[in-house]
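**Q** Pasting in a structure now, in structure tokens, and then I'll have a few things to ask.
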Amino acid sequence: MVLIAAAVCTKAGKTIVSRQFVEMTKARIEGLLAAFPKLMTSGKQHTFVETDSVRYVYQPLEKLYMLLITTKASNILEDLETLRLFSKIIPEFCRSLEEKEIVENAFDLIFAFDEIVALGYRESVNLAQIKTFVEMDSHEEKVYQAVRQTQEREAKQKMRTMAKELQRKRMEQKKDGGRGGYGGGSSEGFGNSGSSGGGGISNHSSISTPSIGIGEIKPAASAPKPAPSRNALKLGGKNRDADTFVDQLKSEGEKVTSNPVPSAASSSSAAASAAKAKPVSDVPMDDIHLRLEDKIVVRVGRDGGLQAFELSGLLTLRIADEKYGRIRIQLENGDQRGIQLQTHPNVDKELFRSKGAIGLKNPAKPFPLNTDVGVLKWRYQTQDESAIPLT
């Protein structure tokens, strides 16, 4: 049995749904379906019609025909049995045997037809199996979906519990922080500044500052004040003697350079201000400052031989004067080794690719002032030992 096509058509010959099971052209199937109404005769009671090449096996369904097109060599009994199965399929997927209902459920009918016939040959299936296959109802899938939904609900509930726990801990920390002394906050602040800063700031982090809590400050006990001693130290006494001596030298015609000795309080404040005023880098900077950084990672075997070589670099631009904010930097790239270059996202890539210049995509927008901006990165990997900068 070779089933060519299955179709549902009206008694006037209009095709509603058609499904081909073998390879054939559109013109061919349209010609076969158009020839069927012309072969029908009212005087015959047969349910099949033959031509020179094919056989039409059909069954009336009220105003419609269920039609099978087979080869003439197929078994007519098997064709009739297959036709009855096709006729049972249509009422299962359509509420009424009307053209509108057939069109609305066309794809379901096509899927059902595919379950009955494969490559022109009848499959050993019944109506219940076809409905199950078309509905694609799987017990295993339902179990999997149920387990997955349960896991999602448990995960959401666990997240809510953790969020409440974190919120409770934050509230407790805030309460404990309000009752804490100055000592804890002071030591923590110095620790943070030492870890995040650089240059001169790290010197301050090494200074151990004793912490004093509020509870340690106690009012001094009332005691009789000692009588002032005539030999007690007087602030500023030595300075007055030094000034008198300097004035005497000046009156005698000597040149004296004043270099006063700072007090302990003034020296500590001066040291602090000097540390704050000290720049992070001692390199002199102009209005336009470019910094080039290269990092090389080399791994060499114990017995010789290069195992890995990686070079990475960064070009940083710093603008100190706003009149240079829209500057363009011209680069000369004579590299022949295939170094990978990557510009900043705001840098015009087409300008860099065509002219080797670095500039912003928006010419009207300047570079940020007094900010280090990494405008270009590069990376190079090789196994060539000559690239190692060692002699």
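Including glycine, each Cβ sits where the backbone N, Cα and C put it.
Pulled from TrEMBL, these are the listed features:
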| type | residues | note |
| --- | --- | --- |
| COMPBIAS | 150-178 | compositional bias 'Basic and acidic residues' |
| COMPBIAS | 179-201 | compositional bias 'Gly residues' |
| COMPBIAS | 238-255 | compositional bias 'Basic and acidic residues' |
| COMPBIAS | 263-278 | compositional bias 'Low complexity' |
| DOMAIN | 285-391 | domain 'MHD' |
| REGION | 149-280 | region 'Disordered' |
**Q** Quickly jot the same-chain residues contacting the compositional bias 'Basic and acidic residues' (150-178) by Cβ under 8 Å, restricted to those at least six beyond its ends, or write none.
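**A** Those are none; the list is empty.
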**Q** Would you list the DSSP helix, strand and coil counts for the residues of the domain 'MHD' (285-391)?
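**A** Helix (H, G, I), strand (E, B), coil: 13 helix, 47 strand, 47 coil.
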